[in-house]
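**Q** Questions regarding the structure given below will be posed in turn.
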Amino acid sequence: MAAQEVASQPSDTLTTLKTESETLKTKLEEERAKLHDVELHQVAEKIEALGQFVMKTRRTLKGHGNKVLCMDWCKDKRRIVSSSQDGKVIVWDAFTTNKEHAVTMPCTWVMACAYAPSGCAVACGGLDNKCSVYPLSLDKNENLAAKKKSVAMHTNYLSACCFTNSDMQILTSSGDGTCALWDVESGQMLQSFHGHAADVLCLDLAPSETGNTFVSGGCDKKACVWDMRTGQCIQSFETHESDINSVRYYPSGDAFASGSDDATCRLYDLRADREVAIYSKESIIFGTSSVDFSLSGRLLFGGYNDYTINVWDVLKGTRVSILFGHENRVSTLRVSPDGTAFCSGSWDHTLRIWA
Amino acid sequence: MARDMSDKEILKMELDQLKVEVNTPRIAVKTTAPEIIAFVEGLSAEDPLVKGVPEDKNPFKEKGGCIIT
């Protein structure tokens, strides 16, 4: 019996793979479309419209010497950590605007920073391809840089980092196209997540009640939902037309929002496995850098590259307010842990607290 | 790492993922949408950014007032 000669299987050629991929993508869209029987804003028609919003800058945090790239709130609802292009990471008391700690990183473009759940440490990283953890000392004179712990190592820039439910583990995303989960104490990689075809720009952890998943967004226009224990991508969404700069879980954990360079924000329902809302206007042509929800999920705040913040009614799909104040791109935006205010950071070197 | 993968490897990865996703269980939007709405409505009464907070209660509203420790 002649042996089957399969030097390189036909199904392995680039074109065949592409065709198979296209066919499956079409099938996936068909399956999703079957259950797309109604739009979210249609179901939300009978809900009372939101009233007039008066949101103003209540605090301006000045001190960074260059573009603010990232910020995060402490669970105590008053402290904030921010990082900048000039390599500085600053911890602020947002009530008083005082700077409590400042660290100078050995690299510029510190694109990611995060506050530990205990409030006793911050993590940050950027062009150094690493994520480092700095314990925060009560002694203001102590040199924080001396206690620095290098935790994550990627082969390209660190774009985002986030502690899991404890100070012991950190999730990171990188320009190398992967995400990873690390043990802070040992610096060991516990799990890696492969699936994006280009730089991963953002990530967000699911609210703890909903289990061990997180969502990531990247330059491949995809948003992926991952199982943290297995490393498997559970669901992915590719409806944006450009890089996804920000992803944020809905408070219930059943959906997430994304902001993209295509000037839109979108809402994806995880149980229906599809996009269910687009937040856009013809007059908005600049990319969205960051998004976050208000406490109940009724409002979506988006920071844009045209220096504004747009506030959207999540259910009705309409814009309810536009906030001016920053003098350059808004690069980062987070609502405070108790929902009383939100903070925005900008390329104009400042952070603003709005309420 | 995506940057170190060849085009073919990336396509294969995407293909394997698609095969998994085609079989994902899904629920109709007409079921999930009302649930999202109910969730929001249940919480919006207590959402400070939606309903507003009286000036004297929100620590961010007036600068120079009391500092809550």
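Just so you know, the numbers here start at 1 and follow the chain as drawn.
Quick reminder: no glycine exception, Cβ is built from N, Cα and C everywhere.
Take a look at what TrEMBL says about it:
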| type | residues | note |
| --- | --- | --- |
| REPEAT | A:61-102 | repeat 'WD' |
| REPEAT | A:151-192 | repeat 'WD' |
| REPEAT | A:193-236 | repeat 'WD' |
| REPEAT | A:237-278 | repeat 'WD' |
| REPEAT | A:290-322 | repeat 'WD' |
| REPEAT | A:323-355 | repeat 'WD' |
**Q** Would you mind listing the long-range same-chain contacts of the repeat 'WD' (A:151-192), meaning Cβ under 8 Å and 6+ residues beyond its ends?
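**A** Counting only partners 6 or more residues beyond its ends, the repeat 'WD' (A:151-192) has Cβ contacts under 8 Å with 70, 109, 111-118, 120-121, 123-133, 198-205, 208, 214, 216, 218, 226, 228-231.
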**Q** Do any residues of this chain, six or more beyond the ends of the repeat 'WD' (A:323-355), have a C-beta under 8 angstroms from a C-beta of it, and if so which?
**A** 55-62, 64-75, 77, 80, 82, 84, 92, 94, 289-296, 301-311
**Q** Taking a Cβ cut-off under 8 Å, which residues six or more beyond the ends of the repeat 'WD' (A:237-278) line up next to it in the same chain?
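**A** Apart from its flanks, the repeat 'WD' (A:237-278) reaches 32, 35-36, 39-41, 201-207, 209-211, 215-225, 284-293, 295-297, 300, 302-304, 312, 314, 317.
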**Q** With helix taken as DSSP H, G or I, strand as E or B and everything else coil, how many residues of the repeat 'WD' (A:237-278) land in each class?
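**A** Helix/strand/coil tally for the repeat 'WD' (A:237-278): 0 helix, 23 strand, 19 coil.
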**Q** How many helix, strand and coil residues does the repeat 'WD' (A:290-322) contain under DSSP?
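**A** Helix, strand and coil residues of the repeat 'WD' (A:290-322) number 0 helix, 19 strand, 14 coil.
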